[in-house]
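Features reported for this protein in TrEMBL:
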type	residues	note
TRANSMEM	27-49	transmembrane segment
TRANSMEM	61-89	transmembrane segment
TRANSMEM	109-127	transmembrane segment
TRANSMEM	134-156	transmembrane segment
TRANSMEM	162-183	transmembrane segment
TRANSMEM	195-216	transmembrane segment
TRANSMEM	228-249	transmembrane segment
Amino acid sequence: MTAASTTATTVLQATQSDVLQEIQSNFLLNSSLWVNIALAGVVILLFIAMGRDIESPRAKLIWVATMLVPLVSISSYAGLASGLTVGFLQMPPGHALAGQEVLSPWGRYLTWTFSTPMILLALGLLADTDIASLFTAITMDIGMCVTGLAAALITSSHLLRWVFYGISCAFFLAVLYVLLVQWPADAEAAGTSEIFGTLKILTVVLWLGYPILWALGSEGVALLSVGVTSWGYSGLDILAKYVFAFLLLRWVAANEGAVSGSGMGIGSSGAAPADD
Ligand code: RET
């Protein structure tokens, strides 16, 4: 066995306790995870209280989708803080940290596959868009997260890490197109354009931060440490999930009449049935 493959075997055999120890000895990283667990807990209770009087089906669906954002988040961060969804990866030649054991919180990218579709579902319902458009946004978003996960996990080739990053960006462009071009027109027709406009800008600006952070962090060119990158994601998460969800739910609770159709363009903007 060569020295390199011995190191690789050691890295792959790092146990959960090794990973946990590494996380707990890195204050910046550990605090970025626990702050989010605490915040998600508070936000879940707050959202339960805010949604208790919501009755119409579309508003209820928006509320459930919004509730799922902190629910997925608390599970995601608990997975990271326990070391379950974090591992050591040996970066391929060509990477700035080539040959080094890099702590990879891959669980983040995995759980975005569940949380980001909920954000888009809530936004799509708010805009009262049609099913095809909602399906497009959500599937493109899932594509973005899964290929982002692949980009983070590939250790065989530096080039392929960036190829997957590029594919993920292409999926992201499709999501941005739907958010910036299709849904504003739907929201205008549905009478929700003001709140939709605010949430759209918040979402687009914050979501753009994620690929930038990925590229600058240890997964990409490694200009930022694991702890700083993790705080970057945690900060973006606080704004893109909790602040976003709070603004949305507060508006829905106060304007339930404006989102009282059955949802997905079926009730409010669908064609009237023939009178036969
Ligand atoms: C990655 C890297 C590959 C290229 C792109 C990315 C985009 C990620 C985004 C994540 C948004 C996450 C949110 C989570 C809330 O729970 C995967 C970083 C384009 C946009 C909002």
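Using N, Cα and C of the backbone, Cβ positions are placed for all residues, glycine too.
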Proximity verdict for the transmembrane segment (27-49) and the transmembrane segment (162-183), three or more C-beta pairs under 8 Å: no
Range from 134-156, 162-183, 228-249 with most C-beta pairs under 8 A to the transmembrane segment (195-216): 228-249
Contact call for the transmembrane segment (228-249) and the transmembrane segment (61-89): at least 3 Cβ pairs under 8 Å, seq gap 6+: yes
